[in-house]
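J.: Annotations per TrEMBL:
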type: DOMAIN; residues: 41-467; note: domain 'Major facilitator superfamily (MFS) profile'
type: TRANSMEM; residues: 43-66; note: transmembrane segment
type: TRANSMEM; residues: 86-106; note: transmembrane segment
type: TRANSMEM; residues: 118-138; note: transmembrane segment
type: TRANSMEM; residues: 144-164; note: transmembrane segment
type: TRANSMEM; residues: 176-194; note: transmembrane segment
type: TRANSMEM; residues: 200-217; note: transmembrane segment
type: TRANSMEM; residues: 277-304; note: transmembrane segment
type: TRANSMEM; residues: 310-332; note: transmembrane segment
type: TRANSMEM; residues: 344-365; note: transmembrane segment
type: TRANSMEM; residues: 377-401; note: transmembrane segment
type: TRANSMEM; residues: 413-433; note: transmembrane segment
type: TRANSMEM; residues: 445-463; note: transmembrane segment
Amino acid sequence: MAIEDNGNVHGDATIPLLEEGKNIGDEENGYTDEETSGKPSLWMVYLSTFVAVCGSFAFGSCAGYSSPTQTAITKDLSLSLAEYSVFGSILTFGAMIGAITSGPIADFIGRKGAMRTATGFCVAGWLAIFFAKGALSLDIGRLATGYGMGVFSYVVPVFIAEIAPKNLRGALTTANQLMICCAVSVAFIIGTVLTWRTLALTGLIPCAILLFGLFFIPESPRWLAKIGHEKEFEAALQDLHGKGADISEEAAEIRDYIETLERLPKAKMLDLFQRRYLRSVIIGVGLMVFQQFGGINGICFYLSNIFESAGVSPSIATITYAIIQVPITALNTTVIDKAGRKPLLLVSSTGLVLACILSGTSFYLKDHNLAPSSVPILTVTGILMYIGSFSAGMGAVPWVVMSEIFPINIKGIAGSLATLVNWFGAWAVSYTFNFLMSWSSYGTFIIYAAINAVAIVFVITVVPETKGRTLEQIQAAINA
C-alpha cells in the first residue's frame with residue numbers, strides 16, 4: 001500500500017512530541033494551542049536528553065580509550081604491535097554487530113530497553129578490560145564495548161529526535177555528537193595521568209548515570225503507541241509536555257498515524273529499495289558514506305603519527321585536537337536550528353576539501369624537499385582546519401538527518417543499515433590509512449579532498465533542508 005496520499009502518514013518514530021498543530025504566537029516554541037493553555041514545560045525533555053547523551057559519553061569513552069593507553073598496555077601485558085592493533089580495531093567490528101541489531105532491538109524492547117542493553121555490554125566490556133591478564137580478555141572486553149557503541153550510535157539520536165520539539169530537535173540531537181567529542185577529549189587528557197586499568201573504570205561512570213537516569217524518564221511515546229500500550233503512551237506524552245498541558249489533540253493525531261502504519265506490511269531489508277523509500281535511504285546512507293570516507297577516522301586515529309612525520313610534537317596534536325573539536329561542536333548545537341542542516345553540511349564539506357588540499361600540499365613539499373621550514377606549519381594548519389571543519393557539520397549533522405528522515409515502519413532496518421555503513425566506513429578508512437600514507441602521503445589527502453568535493457555536490461542536489469519542520473512534513477516531502 002502506497003503512503004504518498006496522506007502527508008501525516010509519512011511520519012516517523014522520531015516525530016517530535018511537542019510540535020504538531022501550532023498557533024502563530026507559539027510557533028517558535030513548537031507547541032499547540034492546547035499545550036500552551038496548560039503551560040507546557042520543557043524540563044522533562046531536557047532531563048531525558050541529558051540521560052540519553054550519557055550513552056553518547058559512554059560511546060566517546062570507548063572510542064578515546066586506545067590512543068592514550070597503547071604504550072602502557074603493550075608494556076604491562078607484553079603485547080606485540082599486531083596484538084594491540086587487533087585490540088584497537090576490534091572495537092569497530094563490535095560496533096558493526098551493534099549497528100545491525102540496534103534497529104530491531106529498539107523496535108522490540110523500546111528505546112530505553114536498547115539503551116539498557118548497550119549499557120550492559122559496555123559495563124561488561126570495561127570490567128573485562130580492567131581485569132585483563134592477556135590479549136584474549138582485552139579483546140573480548142573491547143568487542144563488548146564496541147557492541148554497546150554500535151547500539152548507542154543509533155538509539156540515542158533516534159530517542160532524542162522522538163521527544164524533542166521541532167525548534168530544538170537539531171540542537172538536542174547534536175548534543176549526541178558533542179558528548180562523544182567531550183568524552184574522547186576527556187579520555188585523551190586524563191589518559192595521560194591515569195593508569196590504563198583506572199581509565200577503564202572511568203568508563204563505568206556514564207554507564208551508571210544512564211542506568212540510574214532511565215528510571216526517571218519516559219519511554220518514547222511514538223514507540224509506546226506503535227506497540228499498543230495506550231496508558232503508558234498517554235502518560236509519557238503528558239510527562240514530556242508537562243502536567244497541565246492538554247495532549248488530547250496530539251494523542252489523537254499519533255493514534256491515527258499509527259493506525260495507518262499498521263496497515264502497511266512489516267518492512268524487510270529489500271523494501272528499503274522500493275521507490276517510495278529509496279530517496280530517504282539514499283540520503284541517510286549517502287551522508288554516512290561521505291562522513292566516513294572523507295578520511296576522518298584515519299586522520300583522528302593516526303593524528304600523532306601524522307604530526308610526527310611532519311616534525312611536530314604528538315602531545316601538541318592530542319591537546320589541540322581536544323581544544324578545537326569540543327567548542328566547535330558545542331557552537332553547532334546553538335546554530336543548527338537557526339542556520340539549518342544544509343548550510344552547515346556545505347560549509348563543513350568545503351572546509352574539508354580546503355584542509356585536505358593544504359595537508360596534501362605540505363606532504364608534497366616534504367616528499368620533494370621543497371620549502372622544508374613551511375611543512376610543519378602547513379601540516380598543523382591543514383589538520384586543525386580539517387578537524388574544525390568536520391566538527392562544524394559533517395560530524396553531527398548526518399546523525400541528525402538520519403534521525404529525521406525515515407518513516408517509522410522502516411526506521412529500524414533503515415537506521416541499522418545507515419549505522420552499519422557508518423561503522424564499516426570507520427573500519428575501512430582506519431584500516432587503509434597507513435597503507436595509503438605509505439603509498440603516497442600527499443596522494444592520500446588528494447583522494448580525501450576529491451571525496452569531500454563529491455559530498456558538496458551530493459548535499460546540494462540530494463539532501464533536503466529539515467529545520468523547523470515536523471517529521472511528517474520532512475518525510476512527506478522526501479517520499480512523495
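Residue numbering: from 1, along the chain as shown.
Keep in mind that glycine also has a Cβ here, set from the backbone N, Cα and C atoms.
The model shown is predicted, which means the values in this text are computed figures rather than measured ones.
Set these features in their place in the structure for me.
T.: Through the fold, the transmembrane segment (86-106) approaches residues 62-63, 66, 70, 73, 79, 113-114, 117-118, 121, 135, 138-139, 142-155, 158, 223, 301, 411-416, 419-420, 422-424, 426-427, 430-431 of its own chain, all at least 6 residues removed from its boundaries and within a Cβ separation under 8 Å.
Long-range neighbours of the transmembrane segment (118-138) within the same chain, counting only residues 6 or more positions beyond its ends whose Cβ lies under 8 Å from a Cβ of the stretch, are 55, 58, 62, 65, 73, 77, 79, 83, 86-87, 98, 144-152, 155, 197, 200-201, 203-204, 207, 210-211.
Listed as Cβ neighbours of the transmembrane segment (144-164) (distance under 8 Å, sequence separation of 6 or more from its ends, same chain) are residues 13-18, 45, 48-49, 52-53, 55-56, 58-59, 62-63, 65, 90-103, 105-106, 111-112, 114-115, 117-122, 124-126, 128-129, 172-173, 175-176, 203, 218, 220-223, 240, 399-400, 402-404, 411, 415-416, 419, 422-423, 471.
Note on the transmembrane segment (200-217): residues 44, 47-48, 50-52, 54-55, 57-58, 61-62, 65, 112, 115-116, 119, 122-123, 126-127, 129-130, 141, 145, 183, 187, 190, 194 of its chain, located 6 or more positions outside it, place their CB under 8 angstroms from a CB of the stretch.
Long-range Cβ contacts of the transmembrane segment (310-332) within its own chain (Cβ-Cβ under 8 Å, at least 6 residues beyond either end) map to 67-68, 174, 177-178, 181-182, 184-185, 188-189, 300, 303-304, 344, 362-363, 366, 375-376, 379-380, 383-384, 387-388, 391-393, 395-397.
Panel annotation: around the transmembrane segment (377-401), residues 153, 157, 161, 169-170, 173-174, 176-178, 181, 283-284, 287-288, 290-291, 294-296, 299-300, 303, 306-307, 310, 312, 317, 320-321, 324-325, 328-329, 331-332, 336, 341, 344-352, 354-363, 365, 422, 445, 455, 463, 466 of the same chain, lying at least six beyond its termini, place a Cβ under 8 Å from a Cβ of the stretch.
Remote same-chain residues near the transmembrane segment (413-433) are listed as 89, 92-93, 95-96, 98-104, 106, 150, 153-154, 158, 267-269, 271-272, 277, 280-281, 284-285, 287-289, 291-293, 295-299, 301-302, 398, 402-403, 406, 444 (criterion: CB distance under 8 Å, separation of at least six residues from the stretch ends).
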J.: When the pLDDT values for the domain 'Major facilitator superfamily (MFS) profile' (41-467) are averaged, what is the result?
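T.: Mean pLDDT, the domain 'Major facilitator superfamily (MFS) profile' (41-467): 89.
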